[in-house]
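> Attaching a single structure in C-alpha cells format; questions to follow.
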C-alpha cells in the first residue's frame, strides 16, 4: 500500500474517533455525546499531542514498507542474448526426443558413458611393479625419507637404513606448488611458504621427494610420473639452484641421510597421473548436460560428476603411507563423504539452485557462468593457488607474506558483491527475509567466537554454506557467484571432509610452534686438543613443569636429557665433540621436553670450523 494511503487511513481514523475540527470549535452536532463536550482541557491537549506523533508513526511504517521492496516488485529473470542461438540445443533435443522420459533416459546414458571412460582412465593408478618384481611405491607430495618433528629418534635410528637401498616411486601431479605452512629449520635458517627441497642432484633426506624429482627433471609437475630413489648416506654442502620452476634451499654442513633420483625409462613403463585427461572428459560431459538439458535438477548429476573428479583426480585426499595404489584409499574417502555432501546438495537445490536455474533457457550463458564458475571453484587448488592466503587463521595471517593485503582485497570485493545482491533482493521483495537469515548467521558466528579454548575456522565449505543463500535469484552475477561457491563446497568436502568449524589450538597447530618457553643456554666451554674439539653446553634452571631438554645438532636430535635423572645439585650439561680437521659449521638448537614431547626449539647457535661460537639469536 502506498504511503499516502496510510496517511489517509490515519486521518479517517482520527476523524471517526475524536470528531472533526468544526465540532471542536463550534457547537456540537445534534445527538453528540454530552460527556464528550465536558472533557477537561488537559485531556483535549493530550489528544492534540497524540496526533502530533502520527507523522513519525507513518514515517516508520513507510521505511518498513520501503525495505519490503518497490511497488510493484520486480522479480529477476535472464533474457538471453541471441535467444535463437542459445535455444537451439533445447529445440534440437525437443525435435529428436519430444517426451521428457526419453530425455531422462538419454541423460542416464550420457552419465553411464562418462563413468565408463572415467574408470578406464583411472585404471592408470592400479598397482605397478618395476623390473625387479618389487611394487612401485605411491608417494604424496609431502612424503620424505626423514620424518618430521624428531620422529626419527636419537641419531635418526628410526629412519635407517641411510644408504645402499633404493626404491621405485610414483608421484602425483601438481607437487611443485605444495609448500610448507609452518617454519622448518635448515641449519641457521627457518624456511616457510616454499617447497621443502634442500640441495641439487643430491638432496637432504628430509626434502620432499616428489618436488625433488621435479627439480631434478625426472618427472614433470603437470603429469607426475615415476622415478627411482637411491639412499646415499651422509653428505655435506647442499647447493641451492633453481630448476624447473623450483628453487632449492642451501645447507652448508652435513646430514646423515641423503638421496638422489633418476629416471626409470629403461626399467619399466610408468603411466602418468591421469587427472588432466579425467578433467577433460568430465568437463566435456558436464558441458553437454548443461547445454542440451534445461531442467534445473541437472544440478544433481553435475554435482556428483564434479565431486567424483575432485575426489579421484583434481585434488584427491591423502592416501596411506607408501602404498601400492591410491585407489582403495580414494574410494574409501569418496564413499564416506559423498552421502552427506549429497544431502547438502539436495538442500542447496530446493533452497537456492532451483530458483536460479528454473525456466532458464540461456544455455550458453548458463554453461559459461554457472557451470564455468562451478568448475573454477572446484579446482581451487589451481585457480586460487596464486593468492597468498593458505588458511584463515590469525597465525597464518601474521606470518604469511601478503596474506593481510590479500584478505583486505577479498573483503572489499565481497562487500561490493554483497551490496549488489542486496539490491536484487530488494527488487524482488525478499530483502527483509534474507537480512534476518544473515543476522542469524552473524549471531551464531559471534557465539562461536565467544566459546573458550577453541578457535573458529572458516573452511571452504563453510564459506559456501554462508554465502550460497545470497545467490538465490536468476541474474547473471548470481549464476557466476553460485557456481563458484558450489565448487568451493565440493573442493572443501571432497578434499578435506566436513572438518570442524571449532578447532582446538593443537588441531590448528599441526607441526607448527607451541609458543612455549625456550631454554636459556649459557656460553659453551670449548676445549681444543690435538685430535678433537669439545664444546660443553649448560643451561639455566628450567621451569618446574619441564621434564628435560633436547639437543639438535645440524637438525638431527643427538641427545635428550631428563632432569629427574640428575643426582645432587650438579648442573646438567651436554658435551659435543668433533674432529679437528672438520672444516664445516655445526648448528645447535635446544628445546624443553614435557610429557615425552619436545617443545619449541631455540634459533640456531653456530659452532664454526675454527672453534668459535656465535650465540643464538635472542639468547
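We count from 1, first residue shown onward.
Each residue, glycine too, has its Cβ placed from N, Cα and C.
What TrEMBL shows for this protein is this:
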REGION    1-45  region 'Disordered'
COMPBIAS  1-16  compositional bias 'Basic and acidic residues'
COMPBIAS  22-45  compositional bias 'Acidic residues'
TRANSMEM  104-124  transmembrane segment
DOMAIN    197-249  domain 'LCCL'
TRANSMEM  276-295  transmembrane segment
TRANSMEM  338-355  transmembrane segment
TRANSMEM  367-384  transmembrane segment
TRANSMEM  405-426  transmembrane segment
TRANSMEM  432-451  transmembrane segment
> Who are the chain neighbours of the transmembrane segment (367-384) in space, where the CB to CB distance is under 8 Å and they lie at least 6 residues beyond its ends?
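Beyond its ends, the transmembrane segment (367-384) has Cβ neighbours at 174, 177, 279, 283, 286-287, 290-291, 302, 306, 309-310, 314-315, 356-357, 460, 476, 479-491, 495.
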> Kindly say whether the transmembrane segment (276-295) and the transmembrane segment (104-124) touch, using the definition of 3 or more Cβ pairs under 8 Å where each pair is 6 or more positions apart.
yes
> What is the number of residues in the domain 'LCCL' (197-249) that are helix, strand and coil, as DSSP sees it?
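When I sort the residues of the domain 'LCCL' (197-249) into the three classes, I find 7 helix, 25 strand, 21 coil.
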> Short question: which residues 6 or more past the ends of the transmembrane segment (432-451) have a Cβ under 8 Å from it?
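Here the qualifying positions are 67-68, 425, 466, 469-470, 501-502.
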> Cβ under 8 Å, sequence separation of at least 6 from the ends of the transmembrane segment (104-124): give me the contacting residues as numbers and ranges.
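93, 97, 271-274, 277-278, 281-282, 285, 288-289, 293, 298, 301, 305, 308, 312-313, 327.
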> For the domain 'LCCL' (197-249), what's the model's average pLDDT?
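Averaged over the domain 'LCCL' (197-249), per-residue pLDDT gives 95.
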